[in-house]
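For 117, the entry in TrEMBL reads active site, pros-phosphohistidine intermediate. Look at TrEMBL and you will find 11, 59, 87, 93, 104, 114 tagged as ATP binding site. The annotation domain 'Nucleoside diphosphate kinase-like' is assigned in TrEMBL to 3-140.
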Ligand SMILES: Nc1ncnc2c1ncn2[C@@H]1O[C@H](COP(=O)(O)OP(=O)(O)OP(=O)(O)O)[C@@H](O)[C@H]1O
Ligand SMILES: [Mg+2]
């Protein structure tokens, strides 16, 4: 059984618009296992670290400021192909290019208000999980439905 994990974070716009339940539901119903979740107000410092790869982009200061305007919902989801499938479930960065049926395709319009973050590789997932969670916050458990999800 694979233990691939991805970092999914509902952004301030997703929280403010009351979409946390809808987003969590999609990962839950897909069959992924929740390993950690917390609701918190992130600092600009933490967000700058999270988006460090984008620090040279013109939209970076606005992105960090926006991400610190409201609480976020931080989650770790586990399962086979969780990183790549998680990205597919989110849709494209620009909601206008996201297919209906994806989270961004169904719930948002503008690239700067795309409601949810998802790790883009296993390597960045591991980095992001370590940045947002302490090891003891990651819960070790076995869902009873596992045998009905994996052959
Ligand atoms: N051209 C842009 N104009 C404004 N905001 C942008 C632009 N490109 C990206 N962003 C914002 O920065 C975030 C991070 O950009 P990135 O290239 O990592 O896209 P992503 O991986 O799809 O998004 P995320 O990392 O938030 O999951 C995007 O989700 C978006 O909100
Ligand atoms: Mg990204």
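In case you wondered, yes, glycine gets a Cβ from its N, Cα and C as well.
Unlike curated records, TrEMBL annotations are generated automatically.
Tell me about the surroundings of these features in the structure.
Secondary structure at residue 117 (active site, pros-phosphohistidine intermediate), as computed by DSSP, is strand. Every protein chain considered, the tally of other Cβ atoms within 10 Å of the Cβ of residue 117 (active site, pros-phosphohistidine intermediate) stands at 20.
Cβ neighbours within 10 Å of residue 59 (ATP binding site), excluding its own Cβ and spanning all shown chains: 12. Annotation note: residue 59 (ATP binding site) sits in a coil segment as assigned by DSSP.
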Hey, of the binding-site residues listed (11, 87), which one tops the CB count within 10 A?
11
Tally the residues of the domain 'Nucleoside diphosphate kinase-like' (3-140) by DSSP class, grouping H, G and I as helix, E and B as strand, and everything else as coil.
68 helix, 26 strand, 44 coil
Give me the non-local Cβ neighbours of residue 93 (ATP binding site): same chain, 6+ apart in sequence, Cβ-Cβ under 8 Å, ordered along the sequence.
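For residue 93 (ATP binding site), the qualifying residues are 104, 111, 114.
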May I ask which of the recorded positions 59, 87, 93, 117 have a CB within less than 6 Å of any atom of ligand 1, listed in sequence order?
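The recorded positions passing the 6 Å Cβ test are 59, 93, 117.
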Mean pLDDT for the domain 'Nucleoside diphosphate kinase-like' (3-140), as a whole number?
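The predicted confidence over the domain 'Nucleoside diphosphate kinase-like' (3-140), as a mean pLDDT, is 98.
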Tell me the Cα distance separating residue 117 (active site, pros-phosphohistidine intermediate) from residue 59 (ATP binding site), rounded to the nearest angstrom.
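Just about 16 Å between their Cα atoms.
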